[in-house]
Amino acid sequence: MIDPNLLRNNLAEVAEKLKVKRNFMLDTEKLTALEDQRKNLQVTTENLQAERNARSKAIGAAKVRGEDIAPLLAEMDDMGNQLTEAKAQLDAVLAEINQIALSIPNLPADEVPLGKDDTENKEILRWGTPHTFDFEVKDHITLGEEANGLDFAAGAKLAGARFAVMKGQIAKMHRALAQFMLDLHTEQHGYLETYVPYLVNHATLYGTGQLPKFGEDLFHTLALEGEQPYALIPTAEVPVTNLVRDVIIDEAELPIKMTAHTPCFRSEAGSYGRDTRGLIRMHQFDKVEMVQIVDPDKSMEALEELTGHAEKVLQLLNLPYRKVLLCTGDMGFGSCKTYDLEVWLPAQNTYREISSCSNMWDFQARRMQARCKAKGDKKTRLVHTLNGSGLAVGRTLVAVLENYQNADGSITVPEELRPYMGGLDVIGK
């Protein structure tokens, strides 16, 4: 949620930025009208409350003097009804303003390039040289099926399209990748490993910005009688970031760096017909997520660090990749600046996204009321939150299978993974 003071004091400027940079049309007339109502109702409520307090004192004094207070009590009842009505109207207006505010995307940082979609993203760097092969390259689907390790037919039987079953050495490599990533982030990058619920309540989803705008992208449970509704997490960012919801953090404890390996669940609404085969776009996939809660003056520096941590995974696995700065038209709803890391996939002869690292500024913190305070200070500040994939495990598996394939259909195990796979150096044929 963007700063409500910006909406009150710089509405026209904010609306223009949202239009140009986010292609978002803010209804300024409606917001202005609601803000006028809010001010009037606020004044009315405060005046009625002050008058009610004064009348209450007058009744007490009249009672001491032995006067008939029945008429005064009747007036108090009437004033109480007026106050209740005014408060209800004020609450309704505030709720309507809040709903509009929840629908507004974050404002991009000044250095984010203007653009309509991913074709206008800015490439920052390339690392590694794409592998060349002297044989016909196979895609990960063929490699996985030939190794008897990927079974998409079984996934479809059990659950439907965009599900897969992994077995044997492929399943072991999938697990090894997640363990390798967690060990790297906890032992070398200073993250605290966390285990979090895979089902979360709606307050948690509002906190990180999935609700109310992106409800259709989630898998929701049917609430039993007396139970609250839940949704399956689309990313560990949701529960991990919300660990600081409604918390005032000592600034000396910042930054807080957390990582978690979880399954992620996405409906992929709007992705019909895209990546229908293979592991690239699944309803259920694993990801190792990195989250940082930082001093609001240091979040851009933290974004560079966090992105570097994701890059380190690719570098240690010797997987060629490129780093791109997303343009305004390709950024996520809550982000003010995002880097994507795209790994080279030989079978597709292109780079594909494997990590997205974002600085959310104070957008999520304002929704969550996550704040920090220096020792001795009375005033609190909103923290800044960042998140990034470190990495998407399934897509990393795809990259390893395709980049490390051999002419006979076997796959060489990257050196970094061998300790996690019992010393195996080759899998498959």
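Cβ atoms here come from the backbone N, Cα and C positions, even for glycine.
Record check, Swiss-Prot: L-serine site residues include T235, A236, E237, S389, and the candidate from E187, E289, E301, E304 also listed there is E289. Sequence-distant contacts of S356 (ATP binding site), defined as residues of its own chain at least six apart whose C-beta falls under 8 angstroms from its C-beta, comprise G332, T338, Y339, D340, L341, G388, S389. Considering only the binding-site residues R266, S267, E353, S355, the residue whose Cα is spatially closest to the Cα of E289 (L-serine binding site) is S355. Remark: E268 (ATP binding site) has R162, D217, R281, H283 as non-local neighbours, by Cβ distance under 8 Å and separation of at least 6 in sequence.
Around the Cβ of E353 (ATP binding site), a 10 Å sphere holds 16 further Cβ atoms from the protein chains shown.
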